[in-house]
Amino acid sequence: MILLYREAASVIQNATDKKGAVKTLVLNCRFKNKKQLQALVCETLKYRSVLEKILESTGIQQHEKVLRDKWLALVTVYEFLLGQGFRKDSPYKQAVERHKAALTAELARMKIQAKAKNNSGLLSDSGASEVTIPRYVRVNTLKVSVKEVIGYFAREDFTQVTTSSARFMETVSSLKPRHFFQDPHIPELLVFAAGTDLHDHTYYKTGLIILQDKASCIPAFALQPPPGSHVVDCCAAPGNKTTHLAAIMQNQGRVIAFDRDMKRFSTMNTLIIRAGASCIRSELKDFLKVDPNAHKDVRYLLVDPSCSGSGDFCELDDFIESEGGKQEKSRLEKLSNFQAQILKHALAFPNAERVVYSTCSIHEQENESVVRDVLSQVEEDFELEELLPNFQHRGEGSFREAAKCVRMSAEIDATHGFFVACF
Ligand code: SAM
């Protein structure tokens, strides 16, 4: 835990000094649980101005030597007041807890002043983003039914609430802790209040539920390969969409999951076993070296290639992106060339009928522009399908068929930034 707080403080400091994007800094540091570290960094950044006001008015840094470092003070006060709370004893825990009364009183005072019902209500008053992404839980229907999981959570003192597509955002923003609802678009998805931690839950550890953002469930949901189909997941690791495909196919047929990165490939294999997805065959291979003619039975392909990851919800990265300049421009150019290459290779499979392209990027260059350029080269064989017509949030920019694609964002859909198109 001490290392977690130190690393989080160092990532925030380096990102603020523009030494790199949060995501890259998190990947490059020595703390093993990257997800936990990224969540702590992003949440601390989100509440940064609230926390700075609290540090200033309580003056705790002047009394506590171990909290002299501003970044460490932000992270540890976040953890104590707004986060998970300290799980283990440490000098930071002791230092922060010595000022428990002053810290909680200041937080309460700020909430009263901002007329905030809960902590996230403070965000609009501080000028920070009001958006929080809920905890999405995909039920692994290969192992358990949605009904059984709902029943299980109800027995664990969670309360199910109802919603509709039209009331989705309203329901998300008023969702109380230990309340949840079934997603109105993707039936196998449950939505819990932001901050609900299910990483230690037995259902998660045994692969009955998968913690997967709603946006990342859209590609497999859009591809909808029927049971018995032959499918290729071109860039598959760590395999969340691959196991989702297997679930949609009820483990009948075959999904070949390619990835060229050894480490991510081995994580994928662990997750495939955990999910009980026996119809998946994984191959450690560069997808561009796969011969399309050796896969004449493949009719469905999912293309989710590496991207800038700019849709990941972390405010400081947005800031760095916008300040990014030349370096960012050439990185996006390289990425979009690579994405187009992978997509074209997928469309070259001789019997491909349906190909879904997705990224977790918000940049038009990696999204609508890739689709436009590739479509212009395959127009004789493929057209774009109007994807999920009842989704309001559509593709953007000058591409004339942009509205056939789907975009998702924190502000409009309560998800990470995402893009999906279907050929
Ligand atoms: N679809 C995955 C999921 O839902 O868990 C995430 C895929 S991630 C966005 C992109 C993946 O593409 C990375 O794991 C990367 O190693 C892989 N990749 C990049 N270039 C590749 C190539 N030429 N062939 C196969 N895999 C590639």
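Numbering starts at 1 and runs along the chain as displayed.
A Cβ is built for glycine as well, from the same backbone N, Cα and C atoms used for every other residue.
TrEMBL labels come from automatic prediction, so no person has curated them.
Given the structure is predicted, the values throughout are model-derived calculations rather than measurements.
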Exercise for the section: Given that TrEMBL annotates C235, A236, A237, P238, G239, N240, K241, D259, D304 as S-adenosyl-L-methionine-binding, name the residue from D197, D200, D286 that shares the site. Expected result: D286
Practice task
If TrEMBL is the reference, give me the range from 37-64, 93-120, 149-176, 345-372 marked as coiled coil.
Solution key: 93-120
Practice task
Report, as numbers and ranges, which residues of the same chain sit near the coiled coil (93-120): CB under 8 Å and 6 or more residues beyond its ends.
Solution key: 47, 50, 53-54, 57-58, 60, 63-64, 66-67, 76-77, 80-82, 86, 130, 132, 194
Completion exercise
According to DSSP, K241 (S-adenosyl-L-methionine binding site) sits in helix
Handout entry: Collapsed DSSP category at C235 (S-adenosyl-L-methionine binding site)
Key = coil
